[in-house]
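S.K.: Got a structure for you, questions after.
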Amino acid sequence: MNKPGSAPGPDFVRAIVAEDNRTGKWGGRVVTRFPPEPNGYLHIGHAKSICLNFGIAQENPGGVCHLRFDDTNPCKEEDEYVESIKENVRWLGFDWGKHLYYASDYFEQLYQWAVKLIEKGRAYVCDLNADQIREYRGTLTEPGRESPYRNRPVEESLDLFRRMRAGEFEEGSRVLRARIDMASPNLNFRDPVMYRILKVAHHRTGNQWCIYPMYDFAHGQSDSIEKVTHSICTLEFEDHRPLYDWYLEQLEIYHPQQIEFARLNLSYTILSKRKLIDLVEGNYVSGWDDPRMPTISGMRRRGYTPEAIRAFCNRIGVSKSDSLIDIALLEHHVREDLNLRSPRVMGVLDPLRVEIINYPEDTVEELEAVNNPEDPAAGTRNIPFSRVLYIERDDFMEDPPKNYYRLAPGREVRLRYAYYITCREVIRDEQSGALTGLRCTYDPQTRGGGSPDGRKVKGTIHWVSAAQAVEAEVRLYDHLFSRENPNEVEEGGNWTDNLNPDSLKVLPACRVEPSLAGAAPGERFQFERKGYFCLDPDSRSGRLVFNRTVTLRDTWAKILKQQQGGEESK
RNA sequence: UGCCCGAUGGUGUAACUGGCAACACGUCUGACUCUGGAUCAGAAGAGUCCAGGUUCGAGUCCUGGUCGGGCAGCCA
């Protein structure tokens with residue numbers, strides 16, 4: 001049972017590791033690995049795996065976690081991706097130490113092992129083409145047929161395989177296959193391809209090879225070479241485990257244990273590498289680090305912290321059942337972390353001009369504001385106040401509903417850290433009638449936000465002094481998809497139909513307090529009452545650009561929604 | 001019409017070798033508050049996919065179903 005406030009109990013993977021430690025199965029060693037293919041950017045689903053693998057290594061004395069690039073398919077893999085992956089893993093707070101590996105480092109050994117299997121009569125060179133191999137494989141319900149090349153003499157396969165390596169044959173003309181069982185109910189056993197000819201330069205080995213091992217023939221052996229104890233992967237490899245085991249047994253080499261867990265699914269989010277590539281290449285987003293992307297780079301740019309992502313990964317647990325995790329849980333952890341560490345600041349996203357008619361024209365005074373109520377050590381700062389201010393447009397309503405306790409004609413509110421003001425006059429554009437500003441009076445007795453007469457003011461709103469405010473662009477983000485499960489598509493539709501047209505809203509003319517002028521890209525702030533924001537690298541001097549990381553919890557929005565919902569249902 | 005895996009409040013995850021289901025998110029109340037934030041206090045919400053069986057006792061074990069997911073790349 002869980003105790004109140006405690007972390008979830010150990011998941012089934014950790015339970016296996018603990019049991020193995022108890023029985024001494026691996027002599028007390030714990031070696032895991034995170035094995036990305038460098039063909040795309042890491043996303044939150046990978047973060048789950050990273051936290052699991054590196055986490056288990058950290059939790060066990062002497063445990064280590066390797067970072068190994070599974071680079072067996074040169075057609076899709078690039079250095080750009082390996083660099084981004086390394087950076088992302090580091091940013092998440094994990095360290096592989098000296099244990100950085102590449103499957104491509106093992107190509108020669110893998111080749112030798114392939115030769116060994118041929119010699120044992122457990123592999124053969126097959127001259128069938130791709131279509132024929134598919135045909136011969138059979139179907140889910142029918143057994144396959146044996147390749148006519150299956151019983152070719154060992155010497156002949158050996159010679160052919162050597163010549164495949166030497167580049168004597170065309171791409172696709174031959175493959176090396178394991179010789180297992182064409183009638184196996186597990187399709188992975190129907191003489192799986194071990195090597196294919198690919199006359200493509202590899203990002204690390206260049207043109208040294210023109211044959212490349214398949215995942216199944218590389219992964220287990222790589223684990224074996226590295227003396228991995230627990231090879232943790234996702235559920236879709238469950239059917240591959242018998243083959244993983246088969247190769248290691250046939251080769252008679254060190255044999256790690258493969259354990260599979262369910263991959264992460266997040267509501268309103270897509271986590272298929274393929275589809276993420278489509279989003280980038282189709283220009284649906286600005287790039288891999290678009291703040292709406294579920295990539296580590298995107299979340300980082302958005303303002304998420306590694307601590308928040310790790311806390312999220314710990315909270316969701318690890319199991320074998322398919323699930324769809326509510327993105328609200330991720331956002332909860334982001335808020336929880338940011339609340340403690342973000343300096344508070346005032347920024348007006350949709351400015352409405354306010355003139356304090358009884359405040360002197362040329363005076364500017366400095367008012368003291370608390371930087372972070374959650375952290376007294378963060379200290380205070382001064383913010384300028386003067387006759388002309390901006391407040392948030394929706395902090396004023398001409399005809400407010402019940403429960404609205406901000407500014408309205410004749411009503412008094414508190415300007416945070418400043419004075420009480422009362423709305424005296426509404427100014428409109430003569431042509432359009434649009435609201436262009438307010439005239440208010442202030443009560444000089446309320447400097448700093450308190451009143452000597454103890455009069456209660458329910459509403460407190462944020463503001464900036466017009467003359468000193470800094471102009472900024474603010475980018476508001478919403479879920480990239482408007483459907484909880486973006487993979488659910490109407491008949492004849494496409495998953496991109498589920499893209500949320502309002503996932504990005506750019507506000508070009510926001511005003512923020514002057515203390516923000518010197519902020520550095522990546523710096524995070526709470527704009528009081530609005531949310532958490534992070535300075536985007538697109539900022540230039542004199543042109544600040546902020547990304548909204550996540551809103552604050554908004555009770556008022558909830559009340560509004562309820563009221564509207566109530567009206568609709570009537 | 002094959003093989004593998006899974007099924008616990010709205011969501012996710014727990015419940016040591018069987019002892020009348022817990023934690024977190026979300027939801028709802030209330031308190032407090034110079035952020036309708038944070039914090040604090042409290043509430044509702046599942047009888048564990050179904051049917052049998054074993055047992056004094058089953059979410060945990062057995063049998064048979066149902067539903068969901070994965071697998072027919074020279075991708076990983």
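Any Cβ shown, glycine's included, is placed from N, Cα and C.
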S.K.: Of A:3-13, A:36-46, A:520-530, which range does TrEMBL call motif ''HIGH' region'?
M.R.: A:36-46
S.K.: Need the matching range: TrEMBL marks motif ''KMSKS' region' on one of A:80-84, A:235-239, A:270-274, and I'd like to know which.
M.R.: A:270-274
S.K.: Please compute the mean pLDDT of the model over the domain 'Glutamyl/glutaminyl-tRNA synthetase class Ib catalytic' (A:30-339).
M.R.: 97
S.K.: What three-state secondary structure does DSSP assign to A:Ile44 (ATP binding site)?
M.R.: helix
S.K.: Once the chains shown are all counted, how many other Cβ atoms turn up within 10 Å of the Cβ of A:Asp70 (L-glutamine binding site)?
M.R.: 21
S.K.: Once the chains shown are all counted, how many other Cβ atoms turn up within 10 Å of the Cβ of A:Asn39 (ATP binding site)?
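M.R.: Excluding its own Cβ, the number within 10 Å is 18.
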S.K.: Can you check what DSSP calls A:Tyr215 (L-glutamine binding site), collapsed to helix, strand or coil?
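M.R.: A:Tyr215 (L-glutamine binding site) sits in a helix per DSSP.
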S.K.: Could you round the CA separation between A:His46 (ATP binding site) and A:Asp70 (L-glutamine binding site) to a whole angstrom and send it over?
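M.R.: Here the two Cα atoms are 14 Å apart.
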S.K.: For A:Lys48 (ATP binding site), list the number of other Cβ atoms lying within 10 Å of its Cβ atom.
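M.R.: There are 25 of them.
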S.K.: Show me the subset of A:Glu37, A:Ile44, A:Lys48, A:Thr234, A:Leu264, A:Ser272 whose Cα is within 10 Å of A:Asp70 (L-glutamine binding site); these are the binding-site residues I mean.
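M.R.: Taking A:Glu37, A:Ile44, A:Lys48, A:Thr234, A:Leu264, A:Ser272 one by one, the ones whose Cα falls within 10 Å of A:Asp70 (L-glutamine binding site) are A:Glu37.
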